[in-house]
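Taken from Swiss-Prot, the feature active site, thioimidate intermediate covers CYS176. Feature annotation from Swiss-Prot assigns NADP(+) binding site to 205-228; the stated evidence is sequence analysis.
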Amino acid sequence: MLNDFQVFDYEDIQLIPAKCVVKSRAEADTRVKFGNHTFRLPVVPSNMQTIIDESVAEELARGGYFYIMHRFDEEGRKPFVKQMHEKGLIASISVGVKDYEYDFVSSLKEDAPEYITIDIAHGHSDSVIKMIQHIKKELPETFVIAGNVGTPEAVRELENAGADATKVGIGPGKVCITKVKTGFGTGGWQLSALRWCSKVARKPIIADGGIRTHGDIAKSIRFGASMVMIGSLFAGHIESPGETIEIDGDKFKEYYGSASEYQKGAYKNVEGKKILLPAKGHLQDTLTEMEQDLQSSISYAGGRDLHSLTRVDYVIVKNSIWNGDAH
């Protein structure tokens, strides 16, 4: 089935420049329409406890950025939706697939969030399909994102069940060790998986995991993503919820995966790890730099907006793009 399938990842690809048509990169438009709303960038911070909390979500929403609140403060989700709506901001939350989540979804009818993400490690499952159908029945106006998946069959099934977008990526992230613990996943070929899935997708795809540089955002869009979910690049900021730790005078912040023992509590099956990242500056500085770099990407693509990135040529260079630079 996969004999003539090209396998590559972000560091194996270089996009090929086209004639520039803008006077300055500032003319390039990085906005993306996703569901009924338009956002400043096609990126979304990972819905993980060390990346996003209520205050980060509010800052992102006020700034015109997409966000997805994590699902690990279950009791806080309904009040969160109410608070965001009272502030005139969009509400975007996550749910799992356990039985009690069905009642929770039904309880949102009076104040439905604009976006719900069904967030489990292996999203190609009957339990996810059932939950998509339940949300669509109870909250027909809510935009449903479902994942995570790694195959065209999964994308087709979730779309057919009613998902408005699918999240592609099984374990390619920096703090995800699914590939090591289970032998399964898209680690090492995430960009190929994205391309493979996008060929059958009729609805938007969120590329989730494996992003290490701002240039990887442009590459994700080239291979079919409408939105790019990023963990490690958004971790460790002053505003980030992770705990700050000082070692020999240097400050670090904790960052761990959604399926880690720190996330789940002890004695549960674990597919994530905890790492310390050097503490960064403000979140807005990273968002601004991402926007400027993406504007440069658009100018190299020979266009004025994100769509131009979908048409550029590319070469497969097998890890040589670093030219001896440290990873």
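Even glycines carry a Cβ here, placed using N, Cα and C.
This view paints the features noted in Swiss-Prot onto the structure.
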residue : record               : Cβ contacts under 8 Å, 6 or more apart
ILE205  : NADP(+) binding site : VAL155, ALA165, THR166, LYS167, VAL168, LEU194, CYS197, SER198, GLY224, ALA225, SER226, MET227
ASP208  : NADP(+) binding site : SER46, GLY147, ASN148, LYS167, VAL168, GLY169, GLY173, MET229
ILE211  : NADP(+) binding site : TYR10, ILE217, SER220, VAL228, MET229, ILE230, GLY231, SER232, LEU233
HIS214  : NADP(+) binding site : LEU233, GLU289, MET290, ASP293, LEU294
PHE223  : NADP(+) binding site : LEU191, LEU194, ARG195, SER198, ALA207
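Figure note: comparing Cβ neighbours within 10 Å for the binding-site residues SER220, SER226, the maximum is reached by SER220. Classification of SER226 (NADP(+) binding site) by DSSP places it in coil, neither helical nor stranded. Over all protein chains present, the Cβ of ILE217 (NADP(+) binding site) has 27 other Cβ atoms lying within 10 Å.
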